[in-house]
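The next block holds one structure in the form of structure tokens; read it before the comments.
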């Protein structure tokens, strides 16, 4: 399929909308009421610091809802307002936040059911409205919905669309797209659907394995087995790694994406020399500004004298996981939670580890005066952050009285 032509045709269709429906002002008031927080604004105004009793909260200077997420949520609310009686679906979670997705269900916005790992689009009627989430949808899903005659509301973040344009350029130049991301993540699935040949690497270690294969060759069968679920159909590492371009899932660690880009640039330079480098390597800046800002703010925050770190965001939120990784690499006691209810008591907190395991830690909140660092992922409303901070204040106040 000519994905570029298909996308252009879809965007000119009368059933396609990516600009909203003119209800922005009304929806903005509703979103402010449901998701914003006067406490969080107070902390911002106090140089991102608030002290109550024995607790000092230090808030990262960039956290929470990014522009792309705000836009996606606002468009979903607008869609419900514009189509008050129609059936509305979302191809996946609108964003990776449980409270926001619960709100979608309360608004009678349905999620496409998944059977045995596959989405069941048979539930979608020809006249239904379908929202594409902030991290996009695959070309195949868009084509299916277009053929059904559905009204498509596209909330894909422009930064994600920028990555799609990048892999289109790779394809035009007959370059294989090496995508830094998680092959199961919805954004990477969407991005790879726009690519020609592609290979998805999770981290620098996997990238180094590929670079070594390019330079020295390795066991071909081992390579194909290692990346069986992370490459395009019919991928041939002996042919398809002669010309490569770099792209990324926008929520990955900025520094690691940059390292991977430099690694492959050096690899192709070493193999083909400076004269032919541009024929064999392409790189465009596809690092999301919001992701970069939140990671940079986290790197600054963990340099402070903190007793512990709270990272708030959906457990399937990649950008939140990266924030947690930064904290743990610093050696801080750090707890990734998605909702305030994970904090059971002064003595018990349920949290997600980097390996995905949900564990309970006892005696997590130190006695006496403490400084708590707080940040949140790009899909986390300020109201959720407020709930967590108030819970910590309340727990410490109770122990102080006792």
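Cβ coordinates come from backbone N, Cα and C, glycine included.
Residues or ranges marked as [4Fe-4S] cluster binding site by Swiss-Prot on the basis of sequence analysis: 66, 157, 288. What Swiss-Prot records for 96, 185, 317, 318, 319, 379 is dimethylallyl diphosphate binding site. Here Swiss-Prot flags 96, 185, 317, 318, 319, 379 as isopentenyl diphosphate binding site, drawing on sequence analysis. According to Swiss-Prot, the feature (2E)-4-hydroxy-3-methylbut-2-enyl diphosphate binding site maps to 96, 185, 250, 317, 318, 319, 379, an assignment based on sequence analysis. Here Swiss-Prot flags 187 as active site, proton donor.
Structure coloured by features recorded in Swiss-Prot.
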{"residue": "66", "record": "[4Fe-4S] cluster binding site", "DSSP class": "coil"}
{"residue": "96", "record": "dimethylallyl diphosphate binding site", "DSSP class": "coil"}
{"residue": "157", "record": "[4Fe-4S] cluster binding site", "DSSP class": "coil"}
{"residue": "185", "record": "dimethylallyl diphosphate binding site", "DSSP class": "coil"}
{"residue": "250", "record": "(2E)-4-hydroxy-3-methylbut-2-enyl diphosphate binding site", "DSSP class": "coil"}
{"residue": "288", "record": "[4Fe-4S] cluster binding site", "DSSP class": "coil"}
{"residue": "318", "record": "dimethylallyl diphosphate binding site", "DSSP class": "helix"}
{"residue": "379", "record": "dimethylallyl diphosphate binding site", "DSSP class": "coil"}
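Inclusion criterion for the binding-site residues 66, 157, 250, 288: a C-alpha placed within 10 angstroms of the C-alpha of residue 318 (dimethylallyl diphosphate binding site); this criterion is met by 250. Each of 135, 187, 251, 314, 316, 320, 321, 377, 378 belongs to the same chain as 96, 185, 250, 317, 318, 319, 379, is absent from that list, and has a C-beta within 8 angstroms of the C-beta centroid marking the (2E)-4-hydroxy-3-methylbut-2-enyl diphosphate site.
When the recorded positions 187, 250, 317, 379 are screened for a C-alpha within 10 angstroms of the C-alpha of residue 288 ([4Fe-4S] cluster binding site), the residues that qualify, in sequence order, are 250. Only 250, of the recorded positions 66, 157, 187, 250, have a C-alpha within 10 angstroms of the C-alpha of residue 319 (dimethylallyl diphosphate binding site). For residue 185 (dimethylallyl diphosphate binding site), the nearest neighbour among the binding-site residues 66, 157, 250, judged by Cα separation, is 250.
The binding residues for isopentenyl diphosphate are recorded as 96, 185, 317, 318, 319, 379; their greatest pairwise CA distance is 15 Å. Residue 187 (active site, proton donor) has 250 as its nearest neighbour among the binding-site residues 96, 250, 317, going by CA to CA distance. Using the Cβ center of 66, 157, 288 for [4Fe-4S] cluster, the list of other same-chain residues with Cβ within 8 Å runs, in sequence order, 67, 68, 69, 134, 158, 159, 160, 250, 251, 289, 290, 291, 378.
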